[in-house]
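Chemist: Just lifted these from TrEMBL, have a look:
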- B:21-41: transmembrane segment (TRANSMEM)
- B:57-266: domain 'ABC transmembrane type-1' (DOMAIN)
- B:61-81: transmembrane segment (TRANSMEM)
- B:93-114: transmembrane segment (TRANSMEM)
- B:134-154: transmembrane segment (TRANSMEM)
- B:245-265: transmembrane segment (TRANSMEM)
Amino acid sequence: MTGTSTDVVVRIEGLHKSFGHLEVVKGVDLDVHRGEVVVVFGRSGSGKSTVLRCVNFIEDPTEGSIEVAGIRLGGGHRTRRKREQIRQLRLHVGMVFQQFNLFPNMTVLDNVTCAPRMAGKGSETEIAQRAKDLLDRVGLADKAREHPARLSGGQQQRVAIARALAMEPDVMLFDEPTSALDPELTGEVLSVMKTLSTEMHMTMMVVTHEMGFAREVADRMAFFHEGRILEEGPPSELIASPRYAETRAFLEAVL
Amino acid sequence: MSDTWERVQLASARIPFRIKTGAVWIALFAFLGFVGSSAGFDLQWIQDNMRYIAGGLRYTMYTALGGIALAVVMALLGALARISRNPVANGIAGFYVSFFRGTPLIVQMFLLYLALPPVGRNLAAKYDWLPEGFADWFLLDVMTAGIIALGLNYGAYMTEIFRAGIQSVAAGQGEAADALGMTYLQKMRKVVLPQALRVIIPPTGNEFIAMMKDTALVSFLGTTVDTMEIFRRAQLVGKHDFKNLEAYVAVALLYWALTVLFTYFQARLERRLGRGYDRSHVVKLAEASLRQRRAAGPA
Ligand SMILES: Nc1ncnc2c1ncn2[C@@H]1O[C@H](COP(=O)(O)OP(=O)(O)OP(=O)(O)O)[C@@H](O)[C@H]1O
Ligand SMILES: [Mg+2]
């Protein structure tokens, strides 16, 4: 949380986002430092997903700016040049979705290798080797030739993590990665995410209501309320002694 | 009486349904054969001339294959343009779809075959800086004009099929591709279109079968002798020998055989595409949106 601005990987400044007349994000500022894990939580509709999706410009910010790995961009009309800048920024960001979004028309291995191949990230053998290593890391080396539809939800989500990691991103975004899973499958995904932090020192922004994971892995937690960060702090403090009644009420509901 | 009828019904219930429908087909053929032979149907003439008429099958198939190839290209471009936020691409595609769905195919054929050449001639006469032989570019032979007209016309309808197919791919797929830093073309080629194809191919097969039948319209342009398709051939020999009944029955049977054959292949292809992953929800979506657009008419 401390440190010079050089080890800031993601800087969200004055972010606002409206859908038509509905303002969903009403001024969010957040810095995420290298190696830091930030857990984002809050009620449904508080704007958590929207903020995450603004970070890699899947949603276009209405106001404010996003800086990732030194590339600073705002919202607005997507000219050809702007689209290319956004794509460059995205090359530094990995994203894991609630619904996995694996490509069903490709094998597991192709899911992991296709983006690095298109981006020309190394030779064909390097890409294949890295994919094998990553599948090994998420415990699915033996599923490389399968199609995603044949895997369980937990396995699919672990492939999705490997797919994002294959681009060697500076930061990983997780939008409720375990919410679509049966309870008995959440553990395998959470433990993979934990090793990303402990072994790879990956910078992560995680939207989740898994408070056990937050307590164990998060360096910092941010509570979203009505499009703003109501309070933030280390999990030990925030979970034990929240300052706001809204935070307390929410924690009581999920704990 | 009612007892007997009861027993007949019970006995009939034991025979498989398909056998019974098959029997109805045979009865219908027998009836038609009876009517035909009473009407002096000349089977021998058909035997003598079928070879000649069927000789046009290759031109029928060339026209249909050429037409569907052009239609697929037009539909793909049209669909991508209709989805895009680029006003020029979107406007051109909207104009194209509206015109070719809003006018009859036969009119489009004549426009290309007979109305285009004077345009070339007059332009060449007015602007002498135009290259040598400019007017000749507008002189299409019948088969080319037919292929282009069929391709453009069907392409306009199929634009909606392709658009529905592309839009039926879950939004999360495109988002995942975007998030991985793919370019628009990479996303379309590797992620969206392969998935859309599963939805697009079956109705495209139907369009191809429909187009095979519409190749008959090309004969109205006055096909030259060396590229006559089956309908034109049947017309000529039928008229010459005063055997219109036999000629048109023969050519109808040929079209029927073609469609039955290709419907069979198309059904097999559809089954094969269905394997792998569940796409039923995707198909339903595409069909619903297609129905909606068909109902809305040309626009
Ligand atoms: N594309 C969109 N168009 C219109 N409204 C949207 C769109 N996306 C999100 N919203 C609205 O924005 C608000 C915030 O949505 P968001 O998905 O960011 O919430 P969230 O905190 O992630 O909630 P959840 O816990 O349910 O995922 C919601 O009211 C939602 O209905
Ligand atoms: Mg959400």
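Cβ coordinates come from backbone N, Cα and C, glycine included.
Can you walk me through where each of these features ends up in the structure?
Modeler: Tertiary proximity for the transmembrane segment (B:21-41) is limited to same-chain residues at least six positions away from its ends with a CB under 8 Å from its CB atoms, namely 245-246, 249.
Tertiary proximity for the transmembrane segment (B:61-81) is limited to same-chain residues at least six positions away from its ends with a CB under 8 Å from its CB atoms, namely 89-90, 92-93, 96-97, 143, 146-148, 150-156, 158-163, 165-166, 188, 204, 207-208, 211-212, 215, 218, 229.
For the transmembrane segment (B:134-154), the residues of the chain that approach it from at least six positions outside its boundaries are 59, 62-64, 66-71, 73-75, 96, 100, 105, 108-109, 111-113, 116-117, 119-121, 123-124, 207, 210-211, 214-215, 217-218, 221-224, 227, judged by C-beta separation under 8 angstroms.
Beyond the transmembrane segment (B:245-265), the same-chain residues lying 6 or more positions past its ends with a Cβ under 8 Å from any Cβ of the stretch are 36, 39, 41-43, 45-46, 49-50, 53-54, 57, 60, 205, 208-209, 212-213, 216, 230-231, 233-235, 237-239.
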